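Following: one structure in structure tokens, then a few remarks.
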């Protein structure tokens, strides 16, 4: 509220641009108790949002100095620019950095800039550059590497993975308790979360798994494959993929997949875009046609596709395409959902994997904000919301000694509904048992149904 | 419809009013007056009701404009009902209608009275009468927002329903802090005025009552002749503070945080001062002959203009006896009222500016039919939605005004009395002209007319629509049927 006083526990955050990502950020950051000011050219949008959330709205161009002043840039701790235009976002952040002592986060998604992202970030002094399409394509490519998984999240610079898996009928896991798991597989892993009929459990040792449970387990990189082999589940990386829609996300994804040796076929409606793509991705097969045309899909061999990724700009279309693909083929399907909010309806549909670009980015930002807000001794490295925001997986960096360090986990008085999923000690992933300890210099991942953890000591009661 | 949140808000309002009712109890202790017991009794009953109503927390804190408006109007009605109880039970105002009228007039910061002899009241009653102005001035729900954690963005719907002005702007992102800042400014300025009055040797009790009365731009005096018998210094202090309380509070926020430029650039505030200047000049020139000295004329003209444009309604002289031109100017500025976002009433300067500019725009479009032009305020275009809502506001205002004049006409009073009586109640002013002038009062109206005036006062304070929504059948249908609550979302 003033230069000296700050309402306890909240940062002053300015969000420029109230599109999909902007709105998601507002929703999430308000929940975390920050003071938010939104800036957008569209007065209607501002009005809608400010009557929905406890925030202040300013109508205007976020890159203009006077508008930034109206939004209280001098007292702001963080500015997040997520407008449509990359240039505006960058200009906005550059200007804000000049006039005030705040951190800046910009969304930059054009491939032209994203190649130079590291350089841009350093030279402009940005705290973070986000690219939802790139992040979404990363997630999609991880899933395609491990098609059995519904979702793959990485921690500890990719050393550890959190994998979501739906237990099918007849799987050896059915009827097994968590404690018995080590007899079925040699892989060291930890089942962190189980979702059964819409309920979330942080399982203890005597928890018995049933068919159709969705489990989320944490393991070292590449170990997940051996685990699936132990369960005699097919886990080979897909050999080909069909992508519908040729937007930025499709480009990023195709580029990655080609790098991994996967054959890529992109179906895009716009001829000009097809030509651009064919220049950018010489190894991919670019088809110019309507991706929602059943006949065209059949002609292009949807029945034989090993994987199918719906990346058009229209969510409804993506959902229908995926449902169709699942009907006519055995392909691993991934659906991109950008805008629509009916998450519980979507999760009830049999869509396979779903990626939400806007959530991926907002999670990265929230992790940053929480770490920034905390002056204590540990920092949040990564944060994921799992199972419709009901579970948080947070990676903490432990910089200092505290109550939690040096004591065996079983001796710590931990909160309920909480698990220490792994400890990363100098790049080595430890899946902890009761005897393990947290030491200074570790990064620790905690999986919990509590929200708003800022510090590693929050895990104690 | 989320009726449980309405119940919860009402419960909290009652709890708060119970706390406020303790203040007159203290006054009665100081003066050793027995009537304090009635206030204490009301407070206890009110607290009990409030606690019961707010006991069960609502399942769902999300509500929309509709619930916000209904909660606000009901709060004001309940507040007035509770607030009038001590007057009525103690017998100081024997008739229920009169007690209710006096309380509504207090909370809505009108200051119109049915009492013929104010000085006969106990100190406790006088204090409570004036203090209702202070509560009503900034709004009780704004106060609620400042202290009670109603999380979520929904609470702007309460502010929207209660704050005067065409659109509500927050000062800081969180509602709670916005409300707190407003109340801190409000409280600070009240204290400041109190100090200035004390310096002018006004008795402490009178100073408190006058200060809270000015702050809420209310207008209940503690003397029969309002402020006429105080020294010119005191009249000047009150006049200046009346003008200050009629300024948009955002300006003070800017000044506190040293955005002087922004504060002085506010078009509304500039206009407001310009109107005051012009009105004062005209009146000053015309009452020179009636006054003993130039200074006396200046004091009187400034005081009356300040009192009427801010809708306070204090009087230092019987302006009903002034020349016709002065009376006309006073009636005109009564219509305009204070700035939006202040504690004053009336149509509000910003609405008048927008209306005026809309008119010019319309004229322009007759000359250049295809031209596009936006109405500007503070150099920023005003959204079409807001222009539209202002137009509708004025139309509704005129309709309510006209029907009220018609309804009170059955009492057989003259047109000037009826017209200014409605004007002064709907704009939360206080005194009108002729029979309801500074020397007269509202006691001679019939019970029916008094209820019409009460409605006008509430409608004027809540800016018409939040109160009118209570008359929309679907508001009640939803409230009564539990259908909406059965479903979770």
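Backbone N, Cα and C atoms are what each Cβ position is placed from, and that goes for glycine too.
Among the features that TrEMBL reports, transmembrane segment is placed at B:12-31 (among others). Counting same-chain residues at least six beyond the ends of the transmembrane segment (B:12-31), those with a Cβ under 8 angstroms from any Cβ of the stretch are 37, 39-40, 42-44, 46-47, 49-51, 53-54, 75, 78-79, 82-83, 86, 122-125, 127-128, 131, 135, 140-141, 143-144, 148.
Residues or ranges marked as transmembrane segment in TrEMBL: B:37-56 (among others). Using a Cβ-Cβ cut-off under 8 Å and counting only residues 6 or more beyond its ends in the same chain, the transmembrane segment (B:37-56) has close neighbours at 4, 7-8, 10-19, 21-22, 24-25, 28, 82, 85-86, 89-90, 124, 128.
The transmembrane segment annotation in TrEMBL covers B:68-89 (among others).
Here TrEMBL flags B:131-150 (among others) as transmembrane segment. Using a Cβ-Cβ cut-off under 8 Å and counting only residues 6 or more beyond its ends in the same chain, the transmembrane segment (B:131-150) has close neighbours at 9, 12-13, 16-17, 20, 23-24, 61, 71-72, 75-76, 79, 83, 103, 106-109, 111, 158-159, 161-163, 175-176, 179-180, 182-183, 186, 190, 209, 212-213, 215-220, 245, 343, 461.
The annotation transmembrane segment is assigned in TrEMBL to B:181-199 (among others). For the transmembrane segment (B:181-199), the list of distant contacts is 134, 137-138, 142-143, 146, 171-172, 206-208, 210-212, 214-215, 234, 237-238, 241, 244-245, 249, 252-253, 256, 343: same-chain residues at least six beyond its ends, Cβ to Cβ under 8 Å.
Among the features that TrEMBL reports, transmembrane segment is placed at B:233-257 (among others). Beyond its flanks by at least six residues, the transmembrane segment (B:233-257) meets 137, 165, 169, 171, 181-182, 185-186, 189, 192-193, 196-197, 200, 202, 210-211, 214-217, 227, 263, 266, 268-269, 272, 276, 299, 302-303, 306-307, 309-312, 314, 316, 338-344, 350 of its own chain at Cβ-Cβ distances under 8 Å.
Taken from TrEMBL, the feature transmembrane segment covers B:269-288 (among others). Counting only same-chain residues 6+ beyond the ends of the transmembrane segment (B:269-288), those with a CB under 8 A from a CB of the stretch are 243, 246-248, 251, 263, 294, 297-298, 300-302, 304-306, 309, 322-323, 325-326, 329-330, 332-333, 336, 338-339, 349, 352-353.
Feature annotation from TrEMBL assigns transmembrane segment to B:321-341 (among others).
Distant neighbours of the transmembrane segment (B:390-410): 166, 347, 351, 354-355, 358, 418-419, 421-423, 425-426, 445-446, 448-449, 452-453, 455-456, 459, 463-465, 468; these residues of the same chain sit at least 6 beyond its ends, with a Cβ under 8 Å from one of its Cβ atoms. The annotation transmembrane segment is assigned in TrEMBL to B:390-410 (among others).
Positions annotated as transmembrane segment by TrEMBL: B:451-471 (among others). Listed as Cβ neighbours of the transmembrane segment (B:451-471) (distance under 8 Å, sequence separation of 6 or more from its ends, same chain) are residues 66, 68-70, 72-74, 76-77, 80, 97, 100-101, 104-105, 107-110, 112, 136, 161-162, 164-165, 345, 393, 396-397, 400, 404, 407-408, 421-422, 425-428, 442, 445.
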